[in-house]
Every structure is written in C-alpha cells, then in structure tokens.
C-alpha cells in the first residue's frame, strides 16, 4: 500500500475505513438463499444468489402475499443462522406465534415491538440497531409501513381536527435516512411491507405509498401483482408476479412469477419452465410436451435430449437438477437478469479519443459560393420565360 493511501486511511475517524478491495462492505456480506429459485433470481439475478443486507421493500395491494413472502425470507435467514434474531416491528397485528411457526419462523427468536406511529418506529429502531455489533446476526421485519400514522395525524384526530397531515412523507424520509446506514455498516437485511395506490391520471400508474423516502433508501423494491390459477372454473390459487421497480443487482422492470396454491402452498418450481423456454434451454417438440437442451461448449451447438416431459412432471429435481448443474444455463440467467458492467467498444473509444485530442484547424469556406437571393430570383424568372416560350 502506498504511503498516501496509508496516511489517508489512518486519518479517517471511521474504524471501517479500508482499501476498497479489502473493505468489509464488499467482501464480508451475507448472501441468504431462499427455498424458491425464482425469488433468489429476483433478489440477485442468479440461482445461487439470494438476499443481502440493506432495505428490501415488498409493496402491493391487499391480499398480494406481501407478508408471506417477507416471512419466507426471514425464515431462510434464521434457518441459515441458528443464532439469528428477528426484530419484528408490528403495526398491523395480524401475525400470531402460530402463524410464524407455519412459515418456519421460531417465535422464541423473534423480538416483537408493537408500533403505533412512525416516530415511535424511528426511535425504537435506531436504539435497537445501535446496540447491534457487526457480526451479530439480526434480520429486521416491518409489517407494515403503509399502516403507520404519524404522531401529528394521531394528535389531530384526538383534537378533532380533520386537516390533512402534510408531515407523514417527511417523517418517513427521516426514518430511513437515519436507519439505512445501519443496515450496510452492520450487515443487516431489513424487509419492509408497504402499500401501493393508483395515480389519478388518464393512464394511471401503480406507485408505492410513503413518499420518496422509502424508494430512495431501498436497495430493492418489488411491486407485487397477482392473477388467478384455475382448473376450469375452480380457483386453485394465485400466481404472484414480483415486478422489479428498483434493484442494485437485477435489471429494473424484470418480472418473476411465483405460484401459490391452496393445496400445496408456494410452488418452489414455479416460473422456471417459462424462464427456461425463453432462454432456450427447454423447448416444446410438440404441443403439451417439453424437452431439455444443453449447450455443447466445444461446438456451441444446443443438444436436445430424447425424452419429453409433460408440464406437470417437470416440477421435480429429476428434471431441474441437470439444468441447475449446467453452467451455460446459470450464465444465461445472469445475462438475462443481472445488472452487469457497461459494455465498451474499444474501436469507438479510440475514435472519440482521437477526435478530442485532434488539433484545432481554421475553417476554410468552400470555393464555390452559394447563390444570393437575387441570383436565385433571376434564375426563376429565366425558367419561367423559357416555359412560356415553349408553350
């Protein structure tokens, strides 16, 4: 390390200051995989990835499975780290110990804090986060931001005032401005549930409530939609779509589909078949049948297997195991969804560099001068006279 770098690092007041390649922020980050491959891809852009530290927001209308998806991530974190603790800030009071157990979360490892206002959430959260040391395993779960009033809104109601609260968005921004640095410096994932609403425009948009604060602070924002899964006229469940509104790892506006059925819960294989079809590693040799294809890396040829499968028979490790172990399939997923470095064209860069460094030259006017307006008028008169003569 150069003397200048050493002196600058030594002069810093932060204990975490280090050369970027040796920084804990980039080299000591937890990656927590869930039991749902499509969720892992939505979180990181690759099958082997998953949830990392930072603020993750799940937003959507009522009954869009937001809390369930959030608890699925909490369960995965606590399963990976048996000594982990969950800080649960509760404003909806709909999650019971029995419900937590059904989602794979041990209630004895959950610290439950009922909150009634944004100000209370801000004070409690910053005090608890400040007490955590980096390396201690903690996951934060907020259910929900959309249901939290500001202190002023509550006071206005008690004083029988009916004016609109113009401070809520400002308070929300203050909350995340204070707590977000803790998530990165202490390697803590925070999963927050939020609501959405439709804008009042000719072509309405689905946007997240709470102002700009949550969106600015979040590493990932999923806006969740859903559609019915039916067998004839019988409703069997719902297909939820994770719309990537913001992400630091995945291409924005990507969509990831996850099926939840009444008789089996979350389908861990949901979304994979359509994705593999789109990427070209699964084909339909005939209607209703599917076959895998593998890339021969020596010839670049896609080799199709002889066996064909029905769609319902593909939901198994027998079908997906060979594809998950196939590196070109993993690489194709990363190319399709993961944010990568900006590609550069060396030839174009060299041309632009040459233009920038070229010498200034004095402009030389062309030898043949353009005609004046008077000359053009004379030409037009002559042309008109010739036309009259020909007639």
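Glycine residues also receive a Cβ, built from the backbone N, Cα and C atoms like all the rest.
What Swiss-Prot records for this protein:
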BINDING   60, 61, 62, 63, 64, 65, 66, 67  ATP binding site
COMPBIAS  364-374  compositional bias 'Basic and acidic residues'
REGION    364-391  region 'Disordered'
COMPBIAS  376-391  compositional bias 'Acidic residues'
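Mapped onto three states, the DSSP output places residue 63 (ATP binding site) in coil. When other Cβ atoms within 10 Å of the Cβ of residue 61 (ATP binding site) are tallied across all protein chains shown, the result is 15. Ranked by Cβ neighbours within 10 A across all protein chains shown, the binding-site residues 62, 67 are led by 67.
Compared over the binding-site residues 63, 66, the count of CB atoms lying within 10 A of a residue's CB peaks at 66. Over all protein chains present, the Cβ of residue 60 (ATP binding site) has 25 other Cβ atoms lying within 10 Å.
The ATP site is set by 60, 61, 62, 63, 64, 65, 66, 67; from the centre of their CB atoms, other residues of the chain with a CB within 8 Å are 224, 226.
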